[in-house]
């Protein structure tokens, strides 16, 4: 390959609409080769601790992530090297033994709540996007998602949101908004902002030769 890949970081609070924005990017660049990397598959491997102890981990804290591994993988993809991406089991709160082989692509989208927290990771991104959505809407989306897709009970989701998710958002996630190049209010529903963002990505793609 002769072109340098472009890395787009998409962040925001849990339930903000990051996935919708990411899908909009993928749909727009359907003619290009695109790879989406989710930060939450880079939670630390916890096979060495009990399930009960895994439930006590604060998964909205920067230390919950194996950021060094994520950084090394994004850097490798930028060099057009293949990576072995972790596969995370959300019901067991740890990684699976299997890995997913990922080939480099022309556009790499990195999505996650804390991808702008570490400067080393920010420095690997060409465009940094923060999806800004009302707290109540984010909570409802998280509640529905965790119950449907991750086997959680309503009580456990509510308790985690009030005791961990909300305070961690205020302490760690919201402050990273200042590092964003683009702030998108209302997530995937903001078509004007998404159009502006995709235009910028196209401009960078043309220069990455």
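Note that Cβ sites are derived from N, Cα and C of the backbone, with glycine treated the same way.
Secondary structure at residue 16 (ATP binding site), as computed by DSSP, is coil. The Cβ of residue 16 (ATP binding site) lies under 8 Å from the Cβ of 131, 132, 133, 138, 187, each of these being in the same chain and 6 or more residues away along the sequence. The ATP binding site feature in Swiss-Prot is assigned to 12, 13, 14, 15, 16, 17, 18, 19.
Most other Cβ atoms within 10 A: among the binding-site residues 14, 19, that distinction falls to 14.
Within its own chain, residue 13 (ATP binding site) has 113, 133, 135, 138, 169, 173, 174 as residues 6 or more apart in sequence whose C-beta sits under 8 angstroms from its own.
Sequence-distant neighbours of residue 18 (ATP binding site): residues of the same chain at least 6 apart with a C-beta under 8 Å from its C-beta are 10, 11, 12, 111, 112, 131, 187.
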